[in-house]
Amino acid sequence: MTREDRTPEEAAEGTAATPAGPAENTGTATATADPVDDSDAVAPVTFVEAGPPRASFWTRIDKPVRLGFLVTLGGLLAILLGLSLGSLSTVLIYIAFALFAALGLDPAVRWLEKRGLSRAWSVVAVIVALALVLVVIVLAILPTVIDQITTFVTGIPHTIRNFTHTDFYAWLENRFGVGLTDLVTEVQKFLSDPARIAQIGGGALQIGTGIATGIATGVSGGLIVLVLTLYFLATLPSMKAGLLRLAPARDRRSIDRISEQITESVGGYVMGMVGLAFINAMIVFLLYLVLGLPFPPLMATVAFLITLIPLVGSVLFWIIGTGIALFSSPLMALIFAAVYVVYMQIEAYVITPRVMSKAIAIPGSLVVIGALVGGTLLGLLGALIAVPVTASILIIVKQVWIPRQDARV
């Protein structure tokens, strides 16, 4: 039976029972009884015609002469800036030392602020206390130290003469063939020559002039550092706020937190080092006084200054203090060396962790490297500020660089 011979009812039934075949490409969608899942359908591939190759940096330079001029000008400005920094090295050292001192005194100012004083009165109280300490040092300790320095220098020949009559000197002479008496004789011949005396006099005059110039420079530099320290200490919060405004608003909170950590770390380190040096000086003074060794105030002052050097200061003074005591009494020098070694262990494992509790913990290797780099660049000042600078860099690495690296996949 053909399609034309079927009745309309049969044609309708045949259409409903027969599944729909593929739709013709008529441009319209064909409706079906069940929805079709097209999730596995493959997207059509789009082909993009490649453009011309990108030009390199050098081929994109349309004005090479102007670029070369700007590069040369930038290099000359960099050289000029380096020479200017070299000429201003003394001023920069003054600024760094004053800022370092201000950060060291800031914990005392904050402590007074927590007790109810304003920032201005806290700064005044700290400065007055510091001035009183300096006055006591100048009036009470400095004359004694100068007198003992004079006594020590004038008594060197007598000390050497007494040392040549000790059993320790006899043992050295028998063991190593040391001839100190012959050396003293040669020195006397050298000093008795009139021509040598004239040379020594001229050299002494030059040395005296150099010492006077150095003292004048040191006094003027000390006054400059003192004035800058007062200014930095009084305006430290406003300085931090002004520098903070230079940063983007989204980063100010984190930068403020990091700067507070750096300030507390540096201040805690400075106060801790001064406290440790003072304790060291008191121990040396008592040891020299009890053992009957000469120049206790002088050696205590030397101990205070040397032990400010991080990590190696105590070891250096142990060598110096033992050597000075050796000229007086080998037995007392041995006792001093043994007791001071015990104190260094107590200082390292008991006193230092308590005093440095507010300063950041730095690995010993970084302390050594920082002290070497700072001492090479800036001498004693560099060695003193190397540890807080290293601590600041370590804080920045821990708070900024490491979190960013952890966030990267």
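Backbone N, Cα and C define each Cβ position, glycine as well.
Predicted, not measured: the structure shown is a model, and the values here were computed from it.
Here is what TrEMBL records for this protein:
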type     : residues : note
COMPBIAS : 13-34    : compositional bias 'Low complexity'
REGION   : 1-37     : region 'Disordered'
TRANSMEM : 67-85    : transmembrane segment
TRANSMEM : 91-109   : transmembrane segment
TRANSMEM : 121-142  : transmembrane segment
TRANSMEM : 223-247  : transmembrane segment
TRANSMEM : 268-291  : transmembrane segment
TRANSMEM : 297-319  : transmembrane segment
TRANSMEM : 326-346  : transmembrane segment
TRANSMEM : 366-397  : transmembrane segment
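Remark: the transmembrane segment (366-397) contacts the transmembrane segment (297-319), by the rule of 3 or more CB pairs under 8 A.
Listed stretches 67-85, 91-109, 223-247, 268-291, 326-346 were compared with the transmembrane segment (297-319); the greatest number of C-beta pairs under 8 angstroms is found for 268-291.
Ranked by Cβ pairs under 8 Å to the transmembrane segment (91-109), the stretches 67-85, 223-247, 268-291, 326-346 are led by 223-247. Looking at 67-85, 223-247, 326-346, the range that has the most CB pairs within less than 8 A of the transmembrane segment (268-291) turns out to be 326-346. Here the transmembrane segment (223-247) has Cβ contacts under 8 Å with residues 94-95, 97-99, 101-103, 105-106, 109, 119-120, 123, 126-127, 255-256, 259, 263 of the same chain, all six or more residues outside its ends.
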